[in-house]
Amino acid sequence: MKILLVFDFDNTIIDDNSDTWIVQCAPEKKLPIELQDSYEKGFWTEFMGRVFKYLGDEGVREDEMKRAVTSMPFTLGMVELLNFIRKNKDKFDCIIISDSNSVFIDWVLEATSFHDVFDKVFTNPAAFDSNGHLTVENYHAHSCSRCPKNLCKNVVLVEFIDKQSQQGVNYTRIVYIGDGGNDVCPVTFLKKSDVAMPRKGYTLQKTLSRMSQNLEPMESSVVVWSSGVEIISHLQFLIKE
């Protein structure tokens, strides 16, 4: 029986947001005001589609975007953490559930040779079209009112666990490592033996501490982290249990 590790990508594995990072490829490293103002809450993927179209129209090519994306720094201690997981793959299954896109995540994992650490990546599908423009689609449709239209991480997690258990794979516990508002939904689904690991000072941690002050029920334990090295020591503790 393994432990399932669930990672967010932006501001968790990498120490920035890949979608806002890519703006440095734009002329003068900024987007036109009307494009910035076109964002509607809950429709981030559609907004990024327009951003990618704008970059393409401005002549920004795939290799330039790839250089930018692969220059993003990893979060402190994350390289050590991923190496630790690789060494202990017999004890962990490891997935990413992210609101970034498949092209960006592929680029980063490929450039850093961490593809083998992850069993599956769930994210918005992206591809370059015949004009050389990056296009991105919603990951799925769902009916969760708490999450952005394109992705409910809880739905993804539950479906993955169900599929695994149909194949005879069950987990002793789930450890969820994330930072953002869209990590709240899957974290509230966690059970008593599971661990929510919000990044210190980010939206997920602030939301969880507000929930505990309001005595909103949450079953899992919560362990706050600011470096991947702290996550390693908690995982070592769980393995020993």
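Just so it is clear, glycine is given a Cβ too, placed from its N, Cα and C backbone atoms.
Remember, TrEMBL labels are computer predictions, not curated facts.
Annotation comment: TrEMBL describes Asp8, Asp10, Asp179 as Mg(2+) binding site. Less than 8 angstroms from the CB of Asp8 (Mg(2+) binding site) sit Ile96, Ile97, Ser98, Ile177, Gly178, Asp179, Gly180, Asp183, each of them six or more residues away in the same chain.
For Asp8, the entry in TrEMBL reads active site, nucleophile.
Neighbour list (Asp10 (Mg(2+) binding site), Cβ cut-off 8 Å, at least 6 residues apart, same chain): Asp16, Asn17, Ser18, Asp19, Ser98, Asp99, Ser100, Asp179, Gly180. Summarising the annotation, TrEMBL assigns active site, proton donor to Asp10.
Summarising the environment of Asp99 (substrate binding site), the number of other Cβ atoms within 10 Å of its Cβ, over all protein chains shown, is 24. The annotation substrate binding site is assigned in TrEMBL to Asp19, Asp99.
The most densely surrounded of the binding-site residues Asp19, Asp179 is Asp179 (count of other Cβ atoms within 10 A of its Cβ). Within 8 Å of the Cβ centroid of the Mg(2+) site, not counting the listed residues Asp8, Asp10, Asp179, the chain contributes Phe9, Asn11, Thr12, Ile13, Asn17, Ser98, Gly178, Gly180, Asp183, Arg199, Tyr202.
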